[in-house]
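One structure is given below, encoded as structure tokens.
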């Protein structure tokens, strides 16, 4: 039997098909672009709010950045406003929505579509009633319309065509009434959309006939073959290859496999150095994809050239560009290696990986004096060969006057010295004020509870006088007790600003520094969980003038020091495992390492004291609960008295409290507290 197809000559179908496809693509893409626009704007506003105090340091970073790095940034990383605005995604969105509006207008002006819509059987519309009308309303509407359109009631002055239209209208009215009142007819309407049951259907192609049967037919066939046989498989295979070729941390699976192999074959007797980590990095698959003609030995030499601030163009044309590109990629590679090292619980490799991070960011080899060599304008030869060999830190450097500092660093120009001191005073140093294991809603760590580490830290300059914990009131060091922070104790981190851009003139891209927190068990010095990255901390304190060479002491207090003017930072790190199921003390080694600056690290021990609540603790908790209840009742009574005094003539009613049940209630509450603690 031959099949006959109806072509979409009147454009009733293909506009809807194309409109559906476009909206499926445009709506998520538009929302994604709007989110990026809003997020980038809010991020920029946050940065401007926090970083305006450090614009001088950022300006010095731009001044000290070599011309070669500036050109690289403009070519590979910098995006102008025009390039952000005029890209293929935005162009597709604009053109796509223009096509959508055109299709909507075409559909709304298409008479064939309107006629098809009119042909849809709607009994409520025919009777002129709403879908919520009652049976009485239906009968009333039918009676009025049947009187008006009944063939016997029609005027004799109507023409034959007019009479036929009116009679057809009466037939539709009758069918509409039966579709709403007669059970059989209603069943047909609900099942098939028409009171007469199934209607004739036709198979059609949502294309005009000239595109299928005319000279355009080969073009259409080639289009479908290209779309289904080439374009779609290409994008699917590309997406699948990307998902299978890269880990969740964004490094290539071959690179991750190489790192895993190095750690599997790692010997505890082997000394981990920055040079060893660089050798591992040189085997990254990402580098080979960038430059297939180069070997891992070439990449290793380029990385060493960067660390030693040497030009690589002598080894070949455009070698400096190659060097900068692979150095920029080291950020994600080092973070991937850090996670893998933590998975192997290898503290030594993780520590040296972060040291390598600093060396690459500051372009300085591993050196005991790296903290001072990261400063600009330092005469390396004079500094390293000087007589003051015991100066290794910026804090020690700021014990001398500016003139002496210039001689130590080999800086003779006063302007250059001033710039160097500005950079030195704005490199953040972190001081630990308080460290606790915290269980939300509890006063201590109980067995099998879920604690997290809470650190109160002071971001300070190396030139500042050291401020002890006792100088700050307890209220500034305590945890917030409001409901929001108890529900989400990590929300306080989000309230802190992003860390400003770091001073890294030799790194190919602008970057923000961060702290990585490694947690290891003290007994075996092995990492117990994935490193936490701290990106939110205020650097507001760096702008304070508390020069250790100028401030005076009043006993143990610092003259002019006002604690409330300083900001205390909070670092919270969730533990990846619950507390032990037995009481006792567990010792942890906490390592806080900055990714960008030398001298901004912390390494200390924390003790987790795990214990059950004693009877004394339970009694104290019960008394505190009673005190809170009493305070609430006092407030309620005072409010009631105020209401009674305002309402003259009203009688007060009091209810006696049955104190005989207090002992019984104490026992019940004691059991409830114990049960809750056991449940936790």
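Every residue gets a Cβ built from N, Cα and C, even glycine.
Segment annotation: TrEMBL labels transmembrane segment over residues 16-38 (candidates 16-38, 39-61). When the ranges 571-620, 621-670 are checked against TrEMBL, the one recorded as region 'Disordered' is 621-670.
Transmembrane segment is the annotation TrEMBL gives to one range among 177-196, 197-216, 217-236, 237-256, and that range is 217-236. Helix, strand and coil counts under DSSP for the domain 'J' (122-193) come to 55 helix, 0 strand, 17 coil.
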